[in-house]
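The active site annotation in TrEMBL covers 40. Taken from TrEMBL, the feature ATP binding site applies to 15, 16, 17, 18, 19, 20, 57, 118, 119, 120, 121, 209. Among the features that TrEMBL reports, Mg(2+) binding site is placed at 19, 57, 118. Annotation source TrEMBL lists substrate binding site at 44.
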Ligand SMILES: Nc1ncnc2c1ncn2[C@@H]1O[C@H](COP(=O)(O)OP(=O)(O)OP(=O)(O)O)[C@@H](O)[C@H]1O
Ligand SMILES: C[C@H](N)[C@H](N)CCCCCC(=O)O
Ligand SMILES: [Mg+2]
């Protein structure tokens, strides 16, 4: 049975570089001649266009992946307001649930051997009164990549997120250090602290304003096998 590598990309917060790092990962995998696809199942914060509501993250992912998917396949749930998704959904009288999102994912056909799925906000974002985005990741049984926005406070945010990913029954496969500002005095010590305390390997670093990831030794060698459904 061919094997596809699918990862859920979460972050220590909203606006810390999930999309930026996902796009950088897609470019990296493309350079290695992998076939890639990406999704942003729920987007809150969309603009109206002649084709319907559009989200900038989903468009960035669509441009960076090698195996074409329609906008609806990349981003089935478009919520206009740039707020927590369960609240944005209420405003337009929509409801979010794991079963619908899982069914959408399973319908997609792609030749990609690497699929990256960007979350919305951080790990425990609610979908409805009972479910969170973490339930979707557990339902899909896919490993997680954590993007750490490297700023003061990120040690606490990263350690809490990693702890809860495990508690939620999911696997943190690796993490990316994303530098949101120019180099600072204690960057190396903060990175070392995270490396010592996170229960997953550092895959890569994205420097401030960099386009390309700096790959670390624990970045996994991924096979090129693929299949045509998810
Ligand atoms: N390494 C970096 N260097 C400079 N700017 C960055 C870097 N990473 C992210 N940014 C900037 O930070 C902002 C937030 O990044 P991004 O949109 O990737 O975050 P996000 O976690 O995907 O946000 P959301 O929760 O809305 O999906 C953007 O303006 C982006 O250009
Ligand atoms: C609008 C923003 N950029 C994201 N799309 C949504 C972030 C939701 C965060 C919810 C929360 O944890 O408070
Ligand atoms: Mg994003």
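Placed from the backbone N, Cα and C atoms, the Cβ positions cover glycine too.
Unlike curated records, TrEMBL annotations are generated automatically.
Known features from TrEMBL, placed on the structure.
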| residue | record | Cβ contacts under 8 Å, 6 or more apart |
| --- | --- | --- |
| 15 | ATP binding site | 149 |
| 17 | ATP binding site | 11, 147, 149, 178, 180, 206 |
| 19 | ATP binding site | 40, 56, 57, 60, 61, 118 |
| 44 | substrate binding site | 79, 80, 81, 82, 83, 84, 85, 88, 120 |
| 119 | ATP binding site | 8, 9, 10, 11, 18, 125, 133 |
| 121 | ATP binding site | 11, 13, 14, 84, 85, 133 |
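The least crowded of the binding-site residues 57, 118, judged by other CB atoms within 10 A of its own CB, is 57. Taken residue by residue with DSSP, residue 121 (ATP binding site) is part of neither helix nor strand, so it is coil. 17 are the binding-site residues among 17, 44, 119 whose C-beta comes within less than 6 Å of an atom of ligand 1, given in sequence order. Using a 10 Å Cβ-Cβ cutoff, residue 40 (active site) registers 27 neighbours. Secondary structure at residue 44 (substrate binding site), as computed by DSSP, is strand.
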